[in-house]
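Report on the following structure.
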């Protein structure tokens, strides 16, 4: 190579470091096949020495490596192993290997500037014994010109795609195998290895949180929990490469990629497109031009593959989409992960542990001054790992959240925050624990500005926020409540202590002492909404319980709002006020009818309503206030299969849907996917008249036997969040 071209290839120098940062798994350096020790004598012939003829990686799904390392499901032709656990390769030489005279070693390299002290260049000498959790190699079998090697990787090594070379020592220099991408080796996190930071000791949990490629998203609201399936697809073709690309995109130094804390932190930023052109662009305003509405996605694969090829944010996502894709990323790399739903999740703009709802003189909520909101639900993820950066006891599940809500250290990201630290109020421990603590623990305070300008507290609701936190059951599709992991029993001594601890560590808690607050204690007000199907009328009921011997009259005001699931109001569609007479020691119920004609024209994605009820007791001037979210029942899709379901043989799947609305649905999109059965398919329908049924039949060839899940979604402007699913048992051929 001439001198000029050599200079051009050198990276630009940087006064702070001798080598540029090594933060791309994709880039490579050139490794010399002959590394001479000095002048080479004329008679030197490399073929006289031990030479590598071939390397066998045992990388097929049915072979020993992928079986033992639980990586046989990855749709990827290369060797994939987990760190801290031995794997086998075979090296064929040009003649029998003689340990007395021959010397060879292995070299694993990653990135463009491999360095031994950074863990990006790993030379491995052959030894007699393997030490658990440390790099090493030993010969297990010799036959003719071949040797079998057992290789152990370090339990803390970098996670990514390594290049393999075999080097042979000669008197005049080192001879290396040429670059061969067929011997590339992916090394992943290992929840089966006790020395790995992500070690999880329960096999059933490992099967769920690492190996399950479908999951459940719980949505709706606290009074009407809905669920839908999500295809994580972490083993599908090109997904592993797409996940490694995310770390390159986030410019995470290769030397930091053995640390799950760092990986989670940078991934929570790169999953959303705010401030770094990350994977998904969020949209919460019900307009999804030039993109896919969040409710239409059935899984993560399409999103990750589109981002991997276009390098541009994929439009659009909302919290469960960010969480679904994040879960795929974590499970794909081998970090145990689960998707969490927090019902009535506080988005507290100034992190003061209270959500301030301002009422006007009539007792209506003033939307111009109220900045905080309660999300019907919010999804985030938990990832399992040790936390050597925190005191003992804060390892285990960590909250990570890819939905952009507030900035953390200058970027939209959140976590990892120890669930245990949140429960006990130890919010001083990194990262972002105060924000998550507020999401599950805030009080709702109703304030009214009096004539003299002071704020009067009319009502405090301490139990509305974070009343239910759930995830999918292990090994089954049911719901598992994990509220107790995040908080102590409401009103218990421990809960008080955790709150005091959080306040001590700097969570702002405004005191209500200075303000005059004496609630009306002898009257209770409750609000109930009837379950209703989208497109029908329903009624809501307000019940007063007068526990005193006085007769009261209550001026009652009901406001019905169509809201985004984030609790932000789009518009008020129902106003109703009445005067209620409350007899002593008795209950009285008042019904209000909500007609479909009042709400249908403005309905949003998730068919969510939010009712505020305020009642002023005229005799005392005190105000009772409550709020409740309700969700309409949305019709579902039906999925059927025909014919034998055998891996490698064609089968047929039918999706059916009947339009329940009193209108024609236009520009309807159907999606269908199932990991291991079929890649995502889409179909557009121009119109579905009212009461008519659509039938869509597709043919597919499943490639993986076992219990699989088909997931479908339907979307159009008038109707979203329509899902269907079916479990199918694919037989072995």
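Our numbering is plain: 1 for the first residue shown, then up by one each step along the chain.
Just so it is clear, glycine is given a Cβ too, placed from its N, Cα and C backbone atoms.
Any TrEMBL annotation is an automated prediction that lacks curation.
TrEMBL lists 441, 443, 490, 495 with the feature Ca(2+) binding site.
According to TrEMBL, the compositional bias 'Basic and acidic residues' annotation covers 1-11.
The DSSP breakdown of the domain 'Transglutaminase-like' (311-404) into helical (H, G, I), extended (E, B) and coil residues amounts to 15 helix, 41 strand, 38 coil. Annotation comment: TrEMBL describes 311-404 as domain 'Transglutaminase-like'.
Sequence annotations record features per position, and here TrEMBL assigns region 'Disordered' to 1-30.
A Cβ within 8 Å of the Cβ centre of 441, 443, 490, 495, the residues given for Ca(2+), is found for these other residues of the same chain: 462, 463, 465, 466, 487, 491, 499. Each of the binding-site residues 443, 490, 495 was scored by the number of other CB atoms within 10 A of its CB, and the lowest score belongs to 490. When pLDDT values are averaged over the domain 'Transglutaminase-like' (311-404), the model yields 90. Within 10 Å of the C-beta of residue 441 (Ca(2+) binding site) there are 24 other C-beta atoms, taking all protein chains into account.
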